[in-house]
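Contents: one structure, followed by commentary.
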Amino acid sequence: FSCNLSDLLCSFLGLLYQEYRDKSTREEIETRRLQDSQTDPEETSPSEETPSEAEPTSTTENKAPPQINLLRNSNSRFNLWQDLPEVQNSGVLSILQPDEIKLQEAMFELVTSEASYYKSLNLLVSHFMENERLKKILHQSEAHILFSNVLDVMAVSERFLLDLEQRVEENIVISDVCDIVYQHTVNHFSVYITYVSNQTYQERTYKQLLQDKPAFREVISQLELDPKCKGLSFSSFLILPFQRITRLKLLVQNILKKVEEKSDRESTALDAHKELETVVKACNEGVRKMSRTEQMISIQKKLEFKIKSVPIISHSRWLLKQGELQQMNGPKTSRTLRTKKLFREIYLFLFNDLLVICRQIPGDKYQVFDSAPRGLLRVEELEDQGQSLANVFILRLLENADDREASYMLKASSQSEMKRWMISLAPNRRTKFVSFTSRLVDCPQIQCVHPYVAQQPDELSLELADVLNILDKTDDGWIFGERLHDQERGWFPSSMGEEILNPKIRAQNLKECFRVHKSDDSQRRKLGSRNRQ
């Protein structure tokens, strides 16, 4: 920047974005734990900031607060807005309502976290991308895939941060930041879609370079050991833009929960949130599109049709789940037969609009013997049928490849695998607990305390501090959940989270979520079917 404010802000923070983000989310977790354990949760409404000590409750009229020259205290690290000497010395803390102080903290966090993010982006460029030894090792095309349009992303962050800082400098009490978020999201944040859509190529190129070029591996290792990186890996810098655009949406949500209802600030926060959601969804779609296309081509090559051939590759089709199940042979009266004769292996490919039923044949191929549109599938669980028929369910094809109804009795390897197949095959089937979209007064909830990366298409990746409604659970340690902030659904290990036991906290979480999404009420009815796909 031409001015020194950004440098002062980064110096003030003293944290790279990875550290800042980790610290912030862990504080969210601890705050919720504290609230969940309180006997009277009404005294502390759920929030995503660290609770302040002894917040003033004066209700006197607001005076015109003094202006502030932002963050001259470069020795402080990760301070709250109310910890700034200028704020404390101004007397404004005795004037503002506690709710307004919480709102100031939420807006201040958006600004300081952007400064930390910019600092990390700057390190990615200056320390890694512009390293002379690395430049000589990498071919121009490799460097382009590895770093993509990160210079554009950094320039956008710089402009965004400058506007945020100018707003904070105008007055010691921040008037708003969401109007700035809105303008930059609409006009500049498309660079994130370009960067994130390149992620699959980026990851593949990085792994290939580590494997094929010992010199690249050596230079990256040396650069990572530099104290500037604070023990953080090169890959943690590469993923920064995707993490930031997602986190920015959550920070705006946090502001939205704290602004006055039906106020101008609520209106700008809703507008900013809606535009950020559009960008985040476009980022997600960009990542999925390339990997899905490659996957569909690979599956098409493996299939041999015993029945009339079905074209597999389509721009609107993707894989939801695949795997082996045991099919029961003969009529149901054959239960006296030994288990190994009772069942034989079949293999299912379930797409968002189609089910293909196969048998594996030599050469890593699959022979297709039946299929049906996904919308014409029904499932039914068998209960209390003895050990040999444990985890068995009935799959009905209302109209199969021969244009007739067909039924299959299928056995899964575990209870969780059975439930996962049943929910994937028939997404409209009622789950054990009712979802967010039903506006249920209470529903089991869980908070993520360990990040999780989805291993299968029907699983859900989790970030620290995510809050989810529990829609179903299994006895062998899996949960089917719906994340509150984006209504994405999927399975994850129950060990990744802690259940929220206080019903008042759960109700407050739902209330806040409804408020955040009230601008797209008309779309909520569509969310259930879309996110189950």
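Positions of Cβ are set from backbone N, Cα and C atoms, glycine also.
Predicted automatically and left uncurated, TrEMBL annotations should be read as such.
Feature annotation from TrEMBL assigns region 'Disordered' to 25-67.
According to TrEMBL, the feature compositional bias 'Basic and acidic residues' maps to 25-35.
Positions annotated as compositional bias 'Acidic residues' by TrEMBL: 39-52.
Marked as domain 'DH' by TrEMBL: 102-286.
On the 0 to 100 pLDDT scale, the domain 'PH' (318-430) averages 87 in the predicted structure. The domain 'PH' feature in TrEMBL is assigned to 318-430.
Annotation comment: TrEMBL describes 441-502 as domain 'SH3'. DSSP assignment over the domain 'SH3' (441-502) gives 3 helix, 29 strand, 30 coil.
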Per DSSP, what is the residue tally for the compositional bias 'Basic and acidic residues' (25-35) in helix, strand and coil?
11 helix, 0 strand, 0 coil
